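Summarising the annotation, Swiss-Prot assigns domain 'Protein kinase' to 30-348. Taken from Swiss-Prot, the feature ATP binding site applies to 36, 37, 38, 39, 40, 41, 42, 43, 44, 64, supported by sequence analysis. Swiss-Prot lists 633-642, 664-678, 744-763, 841-858, 867-876 with the feature compositional bias 'Polar residues'. Here Swiss-Prot flags 633-937, 964-1071, 1099-1125 as region 'Disordered'. Taken from Swiss-Prot, the feature compositional bias 'Low complexity' covers 680-698, 705-726, 775-824, 877-937, 964-1012, 1023-1053, 1060-1071.
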């Protein structure tokens, strides 16, 4: 009983131990993984050594698979395998497979470990051919599977691999003194770093003895049947226990003579090159030839095979260098050469092949050699295929990244390959972890920072968000305070894409202080400029509170410290960005106070000024729109409903009674003004003004081009409103848009939307003297047909009307009217006719245009917009029915042509000595005068406008004009009629021999209505020639009077216009009736000077209406001998 129990217990223990033995691996030091390859006898496992936790490949021979083999053959196989393992253990060379764990033998296994192996060359060749034949994707997710699939056997890769095999073979021949005798795809191993290693050293023998060290195993003793029965021709067989090399790769001398030479291994190399290049897809050789080996026999099969190989090599010599090599190595053994010559051949001397070979042996190179190599590699790295870069070059570079001496030349190559051929996942898993320690260094080298900043866009694209925040952001912030100015500038120039990853706290705490320090810390101007551009870049992502509290004060600090042009330009761009970010109120309070002084800086150029003004206008428009909306909404809820007020002055009613009454009395005039036109009369002081001063409505001529900027309003104590500052639209805009001051354009106003305002207009009273008798048979002062002359000239309105009676020359002037003539003035009867002005002054009324009967001077000084015109203007009448031949410097005849040119088309009669009565010309003793600018004509206070009129003789009046061409303005000028006034030195010398009136005015523009224009006797005031000048434009009628020979000239000019308040001269001429008796006043202004030629000629100098005024004589040519008086 007890014996039975003990037996059962032993059986249980024995069964347990047996089952455990089948589970536990007999190889105790390694963890086996998948099989990566299989030799004739060896299985190659991927494994990990337990003691060191290092990856390796384990070669395992399982004895149980050969239990059926005879004991003697099994012993021969085991002896052969031990020889191969021990030979590998004894040899150490980069091109020979390295053993990391020596061979061990147990009852069941023989194993040894080597460096990690991807596969044998035969396995890779089989994978490639299978992949080409298959239509199914056999890709693997593992790195090893990817490399196997990606192995394409391109020629550059083939050259590098063959060279490594030759290098190992040379080591065997010269150092180990061995012949390999078994070179084939089975004996070549590809490691995981894609290096080609030489193995299969079981058939090696001494070069001297040519015998294998294994006893009873000589290749010469092998018989042919062993290849046939054992299947040694390349395909495995059940009789795989026979130890034979591959027949296809044996040299011909062994097959025919059973001997090996020192260069016999070169034949095997040639045959290997043929298989990997020409016969890669198994199209060069007959695929059924190997199956005929038993039938043909070894010799016949081998001869047929070698003949096909040589023929295909010869046929492909023009296509590849590999075919040329095959023709040499597979030919006559006497022409094959030796191993050393082949290694030094041109087949391996191209730059790309040598580069790959250098990288394969990089561990044996010195640092100085590596520095030179990697510097040159950057220039040629992109010549390699993407596969070569990823699989052969990049891993070597990453393995050397820990070398601080060469890191700065390694990193550019890594970045170059990563940017072009590395996937995002591979970069995050392989590349970035390898270089992260370098990037996160506390004291990185400037070269490393420069490389990272240069490749920052690529890094942002391939890194994850977490990697960007942990690695890249600290690098950029540190580079802003970088070790050198070059790094700082490079950071500011290239790191802008990373700005979108800055959060609000980082911007306010880290970025803005750094940028401000760069702007005010004494750095070069190019760094300061880039720093300001960063402010512009960050504005859209900064909160308004940070802008107001931090950014704007820093910008003011920057502007106070530097105002160079490039800095100003960058600041303008920043303020422009701020104008799009902030609201109108913040812009008005914070941005405009900085921009307006910036626009006046002397360092900015024209384009910069335009940019500044554009920003200012945009800000003003934004602020205006917001403010208008705010006030409109406020008014909508707070203002009562507007009612009509009896005292409302939005309507102007002016009545004009055109009768023939010769009395001048205040008369109401009916006018209609647009909505936006408002006038507030202002009382001015005039010593010679009547008690009730008149007012004149003066619209501005139309403009053909948009003004460059809005008019600037001038502040004055007496001005309460400005009609031209209101927003106009439609036809009303013609009031402020004008191409020329003397335009004759008349627009037709709309018949609706009319407003009227009651304005008291007072006309001057007539002096209590007897009026002369005036004929009422004169033609109308203005033609009924409107003529529009929009030239670059000052278009004078001229009516050439012939009359036998005297006529009056009536004008509106921007001053109080005063008649100091001894003879009173009688206004002629007027007719209502269309106005012919430089712009339409129709205020929406359906009535006919009204023409006032008397001269009205407006007392309302208006603000000063800058009106501009592009042409010179002529004062006076250029149209003359009489042929006036004025032989002066620029004598031009204008015969019934309305030509007012920019140049010298004037009737110049400036220095004639024949009874010439000359008005004093405008002049300026300062830099301000009449100027020709860009559509601007204004009166500015600031300086007086003296007149230099020097009488050299009683017949000569020299006119000297000083004109500036900076801005069209009359500066602080008071115009007055200094007739018979001793205070202004304006004296009419009636005692001159020929009655020449000498007008000498030093401080004011003066005109005379009393002066004797006769030649030896006073004028008979039966005919009035009234010359009215306005703003250097004369609107006159050239009427030819052939009956009345006496002339009385009355010049009504600007008077008592006090411009000290800097008010704009914008009063528009309402109805300017001009008429003068053969008075040709031609003022031609050509920038930058003005030539003013005043000509007074009598119509009755010649009965045939020919006036010949010559500078050289004092003769009047009277063809009909008519009496002047």
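Just so it is clear, glycine is given a Cβ too, placed from its N, Cα and C backbone atoms.
Take the CB of residue 44 (ATP binding site) and look out to 10 A: across all protein chains shown you find 20 other CB atoms.
For the domain 'Protein kinase' (30-348), the model gives a mean pLDDT of 84.
The full span of the recorded ATP binding residues, 36, 37, 38, 39, 40, 41, 42, 43, 44, 64, taken as their largest Cα to Cα distance, is 21 Å. In the three-state DSSP reading, residue 40 (ATP binding site) counts as coil.
Least packed by the Cβ count within 10 Å, out of the binding-site residues 36, 40, is 40.
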